[in-house]
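Listed features, source TrEMBL:
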- Lys127, Gln190, Gly222, Asp253, Lys396: UTP binding site (BINDING)
- His223: substrate binding site (BINDING)
Amino acid sequence: VFTFLQDFSKAMSQAGTSQFQEVIRQELEYSMKVELDKILSTASSNELEHTKKDLEGFKKLFHRFLQEKGPSVDWGKIQRPPEDSIQPYEKIKARGLPDNIASVLNKLVVVKLNGGLGTSMGCKGPKSLIGVRNENTFLDLTVQQIEHLNKSYNTDVPLVLMNSFNTDDDTKKILQKYSHSRVKIYTFNQSRYPRINKETLLPIAKDVSYSGENTECWYPPGHGDIYASFYNSGLLDNLIGEGKEYIFVSNIDNLGATVDLYILNHLMNPPNGKRCEFVMEVTNKTRADVKGGTLTQYENKLRLVEIAQVPKAHVDEFKSVSKFKIFNTNNLWIALSAIKRLQEKNAIDMEIIVNPKTLDGGLNVIQLETAVGAAIKSFENSLGINVPRSRFLPVKTTSDLLLVMSNLYSLNAGSLTMSEKREFPTVPLVKLGSSFTKVQDYLRRFESIPDMLELDHLTVSGDVTFGKNVSLKGTVIIIANHGDRIDIPAGALLENKIVSGNLRILDH
């Protein structure tokens, strides 16, 4: 009897806990609704419609956030993807191209994710407007690539930019300079969601404005928002009406993400006659890529698993290069009709990423986000393609910028390709210290970009400057300690060298 009573009281207390949690959840949802209604009531008549859509989308995300507990994957169910679910790029390329490649290209739309600011590199405006090569910005290179494609094949591939409220105005001003280029450019905005106080789980915004002191109250909710925003903008329907069938989506700062005709042909003319609705380009992990999301088999579907979803006990296993050999480049090919179908059924399921931030005044907030690739499990007949590393060339830091500005790459019609003079196909590992973090400081410290064709590894730390025509080979480590300064003189050749201490070369 005693054990029965123990079990009974335990069951009752568990039921009580879950009921209690349910009551709390309902109260939080109600309080959130009240606050969002207050915010909406401050919208002007021309803001009302899109603010309402944004807040409705946020409410759905918040509801799911309250329902979900802990990491969203059951580690025991994760399996390696079946062999044929990730195809080697060589196999797809070996099929060659049909004669009518122009008609295949005319079904394509290029979409660039352009919501990010250049803040991590010390810039104020959109990241896409940072100069990366011969004065060309990320956006210039993108337009040049598509223009070259349209001229070469006499096609009409449009460019679509998904902006955020942070980047929209500046981007639209710049777009006027492309009015005579042979690329139709469209834009739509991703949603604007309210940041929430980590303690109260209520919005910190009191009204709809997002300028001045209110800029910190709002955020764009990650690129997973593309499906709803693209659909809501009306642009998705317009493009389907024009006969477009696939979008190629990538980050605007990935300079390797150019239109690949072999992958496009594989989508439009599949060898088994059954079209894929979603293709994710993956590439082999190196030690530098341990955090990238990976493709797994989960409940008989391909599924993207990000590091944030992994239970703590399995993080090291997730990072291992031997078990999970590939990661997501975020170059994605998606069928427009499938986006429309799933969006209308409200059937796109993406895990929530909880992104904690501390605002300038010290307030802790969270923002709820989703990632575009996480929707792969909602589409039919998905496929991974293991592409060469050259299709993943992201510029996230000034260390990346140094690589793409250097003679390691040559530029042709907006596309960067590894120089044929480089003897091995991998890029050097470059680590520039905090004195180089901001683009303007970085540019000031290099009179010209060094010759890096034979470089394996470069580490620079402290107050270091480079003169003109410096050559770096092998492993070079330059460390100026606190209070010291190192000036690498013009024309210097550093091969397998460690330079430290104080080095001032004075011109007399």
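Placement of Cβ uses the backbone N, Cα and C atoms for every residue, glycine included.
Where the annotation comes from TrEMBL, it is an automatic prediction and has not been curated.
Annotated features taken from TrEMBL, shown on the structure.
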residue: Lys127; record: UTP binding site; contacts (Cβ under 8 Å, 6+ apart): Gly116, Leu117, Gly118, Met121, Phe138, Thr167, Ile252, Asp253
residue: Gln190; record: UTP binding site; contacts (Cβ under 8 Å, 6+ apart): Gly115, Met162, Asn163, Ser164, Pro220, Pro221, His223, Asp225, Ile226, Ser229
residue: Gly222; record: UTP binding site; contacts (Cβ under 8 Å, 6+ apart): Ile353, Asn355, Glu369, Thr370, Ala371, Val372
residue: Lys396; record: UTP binding site; contacts (Cβ under 8 Å, 6+ apart): Ser120, Asp253
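In this view, Asp253 (UTP binding site) is surrounded by 22 other Cβ atoms within 10 Å of its Cβ, with every protein chain counted.
Maximum C-alpha to C-alpha distance over the listed UTP-binding residues Lys127, Gln190, Gly222, Asp253, Lys396 is 21 Å.
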